[in-house]
Amino acid sequence: MLKIGVVLFTFLVLFPLATLQLDADQPVERYAENKQDLNPNERMKMIMSALGQRRCCISPACHEECYCCQ
């Protein structure tokens, strides 16, 4: 009787829990695919802001997102 209980517990409780963990990865993969659709300028802007770096701008066009490179 104990063996049947262990087998039932394994297949009815543990096996479904193990398969549910695989489903949790799907939203992350979808999000990564959406990021690839950005144009290169938007991607560069996101990367630079994440790294805390600013680009160099020519003197009349200097603003908060870049510094003047002369």
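Cβ from N, Cα, C; glycine included.
Here CYS56 (disulfide bond) comes close to CYS66, TYR67, CYS68, CYS69: these same-chain residues lie at least six apart in sequence, with C-beta atoms under 8 angstroms from its C-beta. Reduced to three states, the DSSP call for CYS56 (disulfide bond) is strand. Sequence annotations record features per position, and here Swiss-Prot assigns disulfide bond to CYS56-CYS68 (among others) based on similarity to another entry.
Taken from Swiss-Prot, the feature disulfide bond covers CYS57-CYS66 (among others), and the record attributes it to similarity to another entry. Taking the Cβ of CYS57 (disulfide bond) as reference, residues of its chain lying under 8 Å away and at least six apart in sequence are, in sequence order, HIS63, CYS66, TYR67, CYS68, CYS69.
Annotated disulfide bond per Swiss-Prot: CYS62-CYS69 (among others), in sequence order, evidence recorded as similarity to another entry.
Per Swiss-Prot, signal peptide is recorded for 1-24, and the stated evidence type is sequence analysis.
Look at the Cβ of each of the disulfide-bonded residues CYS66, CYS68 and count the other Cβ atoms within 10 Å; the largest number goes with CYS66. Between the listed disulfide-bonded residues, namely CYS62, CYS69, the fewest other CB atoms within 10 angstroms of a CB are found at CYS69.
Under the three-state DSSP scheme, CYS62 (disulfide bond) falls in the coil class.
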